[in-house]
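Contents: one structure, followed by commentary.
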Amino acid sequence: MKQARLKQPLALVIVSIAFCFIVLLGGYWTQSASNSIVHQKSSILNGLSRSQASALERRLASAFTSAKIMSYEVELHNGDSPWFDSYANRLIESIGGIENIQLAPNGIIEKIYPLAGNETAIGLDIINSTPYHETTQQAIITKKMIAIGPVPLVQGGVAVITRAPIYLNQGQDNESFWGLASTLVYLDDLIDATQLKELEQDGYQYELWRPHNDKVERVTLSSSAESLGELRSSSQLVLPVGTWTLTISQNIADELASNQFKGYSVSVIIGFLLSIALYALLIQPLRLSKLVKEKTAALEDLAYRDPLTSLPNRRYLQDNLPNTLYKNQLRSRISAFIYFDLDNFKRINDTVGHDIGDQVLVIIAERLNALKGISDQVVRLGGDEFGILLGDIKSTEEAEAFATKILKSVHNPIKFNQREFTLSTSLGIAMIPEHGYDLVTIMQNADMALYHAKQLGKNQYSLYTESMKVNTYNTIKAEDDLSQALRNQEFVLYYQPQFDLQTNRVIGAEALVRWNHPDKGLIFPNEFIPVAEKTGQIVELGHWVIETGIAYLAERKKAGLSDILLHINLASQQLADPRFVSHVEKLLIQYQVPARQLGFEITETDILEDIKLAKSLLQTLKQMGICIAIDDFGTGYSSLAQLKNLPVDLLKIDRHFVRDITEDENDRNIVEAIIAMAHKLNIKVLAEGIETRQQWQMLADFQCDFGQGFYVSRAVSAEDFNKAPPIVHHDQET
Ligand SMILES: [Mg+2]
């Protein structure tokens, strides 16, 4: 962004230079165009002045020559002139452009052809009368033809008059001045014979002039109404009376000024517009790059930040941690990665809703941020999982001290909307580089340590050790073996009889799973159920047990054997399986087994893990007609108060109480109390682990309803259970 700002003045400088350049170029072009106009106009003027001058020249030269011819004729006739009229007529007719021809013996006009209209001029003394006096004298003295004009004539009009002096006996001793022959040309007629008037109308000016006979100044013979303009062209008329000049001009100052104004204006406007366009073009990439940078930063922020807590997310860790680790390695720094999640956080979401759950996460994130040091990084890895990279520590103890701080900080009660939550967390610590220096290894090892901390009972931290890896390996191996066993149908169900203590009759059985391992033989559940629970395979295995149990009930019915109540053990993960009820319903329908023949045994601990969920599920199952039994009663919280809120049909007293019942008064009292209390709650009681007749008898005396134990039978195969003999007490035999 800063860079883009710095470049804008540079763009302005470039644009200013471009503007000046365009305007200068426009100025040059305008000037060239003006010069071209001047040149073009000059050429036209030259052509015009030449053509008009030559037209005038022809006409004047003829007129002037005719005065000379007339003077020769008079000389030839020795001063006689009776031929004048006819000769003059011929001259005017043949040459043209002559207004009249005159003869003035001794300077007095005697003859004029044509006379009509010119009568007033007869008798005029052209030697002595003004304005002719001076020039006429000059012609006589120099014996050369002269031109006079412009002359206002007595008969009207303005004319140019040519006078040729006539001497008789020229070159001889008796040479004598006779008089003068003159030709007269009207200037207006002369000009009319050219295009000068039309040119004047088209805006040209002209002047026909000659030098004064004896002076430097010039005599204007004819001119346009408007005086000559600044652009001029002159052409000379070479005449018998001297050289005359025709100047034609044109006023182009206004036109030039107008053209230049337009040229410069257009240059400035084009320069301005192009500069704006150029500026926009130059600025556009800067704007774009600025925009791209802003958007990229925003996207990166989005991609790298968890929207809820504003902490960096897992992706940030994946993209940035390798670099941090590499730098730390170069500086030989010790770091640690602490991986942790909140214990039982799901319960908050389930009980008070996700909105409050989210607020709790935000508060935890704030606490973690407050704990971290300058080189540490807190990230939210998803859900209730967090990670802290301690960037620069001195020892393992320092990492452990930090983990303790997190434990305390998380454990501080969170007050929110008049509610108070107390959370705990389990943490796994992996040291860097001791426990790995690439992200995958570090996270895996920290995760293993976290898992270990949870196994140890949560609300604590655990530092990664190599043995965890071995355990994990074993877990993975066991998981594979279990999957294979499920596929190969290596599991079998065994049935341990449950009997009525009062009637001596077998009323049902508890289904117990065994793994018939191809190499190891029969394996008991305590060896594989914990693995199945840890890996989640318990759901699949549990489903298999239920189906096999129900199928067995159907087989018994088909074989005409008595109805029994079959109890099946449930794990907490099965309770949480949303498809559980529909699965059971489907199987009961499929095998045509009534629900009252089915019972589920659940431990108190499993129920308390999520009591709300368990209560609702158990109620549904009970409504279906399934018997609900609390397993191993007395080993967990042993809270009879909890029982009254649960839809329980049967209580199974744990074998530990039954074992010493005949010797230990304490156990005896507990068992008696449990039985009495359960009966008050309308719950039947079954005693587990009955191994002797004395135990049976005592339990029967306490009004215990049912029993189960080696005294009657171990768990046996379906085949053996089917042919089980009736219960016979030896003391009764004897
Ligand atoms: Mg059980």
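Keep in mind that glycine also has a Cβ here, set from the backbone N, Cα and C atoms.
Curation does not apply to TrEMBL; its annotations are automatic.
For 12-30, 264-283, the entry in TrEMBL reads transmembrane segment. According to TrEMBL, the domain 'CHASE' annotation covers 105-199. Annotation source TrEMBL lists domain 'GGDEF' at 333-466. The domain 'EAL' annotation in TrEMBL covers 475-729.
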Query raised in the report: Looking only at residues six or more beyond either end of the transmembrane segment (264-283), which have a C-beta under 8 A from one in the stretch?
Result: 8, 11-12, 14-16, 18-20, 22-23, 25-27, 29-30
Query raised in the report: Counting each residue once, how many in the domain 'CHASE' (105-199) are helix, strand and coil under DSSP?
Result: 23 helix, 35 strand, 37 coil
Query raised in the report: Across the domain 'EAL' (475-729), what does the pLDDT come to on average, as a whole number?
Result: 91
Report summary line: DSSP assigns the residues of the domain 'GGDEF' (333-466) as 60 helix, 41 strand, 33 coil
